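Q: Swiss-Prot lists 15-35, 88-108, 134-154, 167-187, 195-215, 256-276, 343-363, 428-448, 454-474, 496-516, 589-609, 624-644 (among others) with the feature transmembrane segment, giving sequence analysis as the kind of evidence. Among the features that Swiss-Prot reports, N-linked glycosylation site is placed at Asn390, Asn584, with the record citing sequence analysis.
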Amino acid sequence: MADSYVPLPQSAGYAVVVGLGFVFAFGMMLTTYILRRYNKEVMTAEEFATAGRSVKTGLIAACIVSSWTWSATLNGSTSQVYNNGVCGSIFYAMGATVQITLFACLAIKARERAPAAHTYLEIVKGRYGTTTHFVYIFWGIVTNILVTSMLLSGGSATVNDLTGMNIVAAILLLPLGVVIYTLFGGIKATFLTDYAHTVVLIVIIFIFAFTTWATSSKLGSPQAVWEIVTKLAESNPREGNAGGSYFTMHSRSGGMFFVINIIGNFGTVFLDNGYFNKAFAANPSSTYKGYIFGSLAWCAIPALCSLTMGFAALALEHTEYWPLGRPMTAAEVASGLVLPNAASALLGKAGAVLALLMVFMAVTSAMSAELIAVSTIATYDIYRTYINPNASGKKLIWVSHLSTVIFAYTMAGFAIGLYYAKVSMGYLYEMMGVIIGGAVLSSALTILSKRQNWHAATFSPIISTALAIMAWLVCTKKKFGSVTYLKTFEDDAMLTGNCVALLTPFIIVPILTFIFKPQNFDWKLLDQRITRVDEEEELAEALGGTVSSDPERLHPIKSQISVIASQLVEGEREQYQKEKEILNKSFKICCIVCCTLAICLVVLFPMPLYGTKYIFSKKFFTGWVVVFIIWLFYSAFQVIIFPIWESRTDLYHTFRGIYWDLTGQTYKLKAWQNEHPEEMHAVRSQLQAQLSRTAVTHEIVDGKAFGDGYVTPANIDDALEEKKG
């Protein structure tokens, strides 16, 4: 498209990237004002990072769908179908669903064992001390760098392809609106814009699906697509596929990608602080449900999108409708340009606009989650831990804002460098498992197992990553003769590096744990070592007052919100204890459900079709398409309708308050808020904070926590220094 046909003018690119970005930014500013006025949401440091720790299941699921839908999700999965046929959609979708499903187990334990945490790295610090903390900060930041690089690389390439907009300009402008609304609304802004983006995304996929499979005069049915692509395979069979067909799950290249996809995405989920941010922001009872429902809802998005657009590209590439007028090059496919070309071929300029909107939504929603992930690491794991442990909430908010801006435009510069170096989105996607996969097991065991010791947690990621990079490069040299960009991108080399990265820790962790003896960590210590930020100053200022000290009583005067919360604590204590018990009991159920789903997604569903080398008949392919269209309807219910239903009471209160203001009945709003303080978000947030604090004070004695007879020192760094001495 870039060298022969650009369906949209450059102005369309700027209108979407800049104009739509500012629309979302303005909308978030307005939403922040509405939430503050009608729900009493105060943007404290805690609120910025955790949204009051009360987000419900439906919205968590919607956020999971949005955050996990990258430009690589849409463009990369479509390229897989274009390259390998029908297996590409399943191997991409199910190979990247299993990680979110299994992460639910990790989320529920992190929420239970560190209820005051803002990042998973705080758990690492609380358990293993400074050295290990820095190791995982490195891997966490590298994960965010790789993900954000893919977002900007894939998104800018698509914008350029559809509009001719300069790629460097696109890279610099894509983060602008995201930064603005993230600064104003924090993680709550991310959640709400995630919801809006997901609605638009699903609607656009439905439009493409019904056009391709039902209404288009160019295609119009699964049967027509099957016939066209079957003829294509007769003249140009797909090497490595059973019978050379595009309608088989048995594909050598597809199978390799399946393994690479599974391994690489374990790192981008288990090491991305953004997914832990959502776990810590969730209502305790919603934590694992949001991840399970969200993973199932997400699976249909890349599956149906890639199935639709990949086969549309295969069917239309050799017709007069194809905008390029020639087949795509391997570089264009690797850059993720199959989807925008297919959209233009299918619906002309309307299709190009829809593809542009879809990719813009995917890039900006996922990037906002990455910005929050990095800002919380910078704020709580670096600034609050090592620079200013007594920082006020206002200072932490300032650090969060600064780190958001710095990371966004550092990554823009890095993405520009990748563009000039001609490193594609597809290359980054397959390489990320080699770089970050070595830290997956040890980071998970830090939360799940009290036996993993300091040596295993600290050295396993370093050793595994070094071996993975070595294996990747050695395989490239031995199998392909030289180490170049294109040679390291070969399936065999990428597969080798990814497998070594993920699987080596399964050997190293047990060996180091056996040699240096297992730890017996007392989880109760995390309650002492990881604390919430004191919000009194911010809350008092939000109400128009200040916080001062009462020298006679020797404790700070509380804000009005905290006073009200204190009055409600006793009445809520029993329910709080029940929620903690439910969280504990839910873990076993969660593990059974998640493991069952994972086996179904990775083994039971795709493997029989792979092993039998079955080639889809026309009827079977039609049924296959129908199943995924129905699945997307479930996704629409789960992430569009269900969040509204769950929040119906809050929405009613908000719109009623707006009505009272617009009709000159503001006195009713103030009277209702005074009579029902328990309904106010800020009060509920403080209530949870006070319940959390009072629940653990009796478990800490002289700086030590007592559990099952084993006592872990309160300061792990001091203990390690003593041991070394």
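Numbering starts at 1 and runs along the chain as it is shown here.
Heads up, the Cβ atoms here are built off N, Cα and C, so glycines get one too.
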Q: If I restrict to non-local contacts, at least six residues apart, and a C-beta distance under 8 angstroms, what lies near Asn390 (N-linked glycosylation site) in its own chain?
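A: Result: none.
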Q: Between the transmembrane segment (256-276) and the transmembrane segment (454-474), are there three or more C-beta pairs closer than 8 Å, counting only pairs 6 or more apart along the chain?
A: no
Q: Three or more CB pairs closer than 8 Å, sequence separation of 6 or more: does that hold for the transmembrane segment (134-154) against the transmembrane segment (343-363)?
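A: Touching, yes - the transmembrane segment (134-154) and the transmembrane segment (343-363) meet the threshold of 3 or more Cβ pairs under 8 Å.
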Q: Which of 195-215, 343-363, 454-474 has the most Cβ pairs closer than 8 Å to the transmembrane segment (15-35)?
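A: Comparing 195-215, 343-363, 454-474: 343-363 has the most Cβ pairs near the transmembrane segment (15-35).
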Q: Does Asn584 (N-linked glycosylation site) have same-chain partners at least 6 apart in sequence with Cβ under 8 Å from its own Cβ, and which are they?
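A: Looking at Cβ-Cβ distances below 8 Å from Asn584 (N-linked glycosylation site), excluding near sequence neighbours, one finds Glu112.
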